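K.L.:
TrEMBL lists ARG19 with the feature site 'Transition state stabilizer'. Annotation source TrEMBL lists active site, proton acceptor at TYR24. Positions annotated as substrate binding site by TrEMBL: ASN75, HIS81, ASP88, LEU102, SER103, ARG112. According to TrEMBL, the feature active site, proton donor maps to HIS101.
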Amino acid sequence: MVKPIFILNGPNLNLLGKREPEIYGHETLDDLKAVCEAKAKTFGLGVDFRQSNHEGDLITWIQEARENASGLIVNAGALTHTSVGLLDALLAVPVPSLEVHLSNVFAREPFRQHSYISKGVEGVICGLGPKGYELAIEALAAMIGEGGKK
Ligand SMILES: O=C(O)[C@]1(O)C[C@H](CCCOc2ccccc2)[C@@H](O)[C@H](O)C1
């Protein structure tokens with residue numbers, strides 16, 4: 001049995017669809033979960049989709065992914081721009097990992113244009129909304145199929 005893809009979402013992503021639709025779209029987090037589950041199913045993969053407003057939860061879940069995930073997608077929210085703890089956790093993950101952002105962070109405020117966590121993943125997708133999550137799942141499916149180790 002192939003282990004699921006962990007999809008971990010950080011602070012304030014529980015507000016998706018409720019505020020700032022001009023930046024983050026109208027889809028709710030539940031809508032995004034459904035999109036991810038449907039996409040993963042086309043590759044015969046399951047999804048473990050989580051969200052927390054707490055850095056420690058995300059660190060614990062990334063550590064859990066070491067043994068229990070076939071791949072990892074992280075949208076760390078604002079912690080992207082602050083957290084060495086998340087980077088250290090990601091550096092210890094042996095499975096393929098990708099960073100995703102709904103918005104094009106490079107077209108926004110300067111402080112959003114640096115990621116502490118990008119050094120801990122294989123690749124980054126940003127600016128494509130929920131499609132970015134779908135593309136990340138497609139990429140992970142290919143990476144997992146190629147042997148799946150970082
Ligand atoms: O574009 C992304 O996915 C971000 O990770 C979203 C973060 C924000 C999380 C969502 O925050 C919301 C706030 C209000 C309404 C909806 C979402 C932001 O801090 C990053 O720079 C880029």
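Each Cβ is built from the backbone N, Cα and C atoms, and glycine gets one as well.
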K.L.:
Of ASP88, HIS101, SER103, which recorded positions come close to ligand 1, meaning Cβ under 6 Å from one of its atoms?
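P.N.:
Cβ under 6 Å from ligand 1: HIS101, SER103.
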K.L.:
DSSP secondary structure for HIS81 (substrate binding site), reduced to helix/strand/coil, please.
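P.N.:
In the DSSP reduction, HIS81 (substrate binding site) maps to helix.
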K.L.:
What number of additional C-beta atoms lies within 10 angstroms of the C-beta atom of SER103 (substrate binding site)?
P.N.:
17
K.L.:
At the level of the C-alpha atoms, what whole-angstrom distance separates LEU102 (substrate binding site) and TYR24 (active site, proton acceptor)?
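P.N.:
Answer for this pair: 6 Å between alpha carbons.
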K.L.:
Kindly assign ARG112 (substrate binding site) to one of the three DSSP-derived states: helix, strand or coil.
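P.N.:
In three-state terms, ARG112 (substrate binding site) counts as helix.
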K.L.:
At a 10 Å cut-off from the C-beta of HIS81 (substrate binding site), count the other C-beta atoms across all protein chains.
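P.N.:
Excluding its own Cβ, HIS81 (substrate binding site) sees 16 Cβ atoms within 10 Å.
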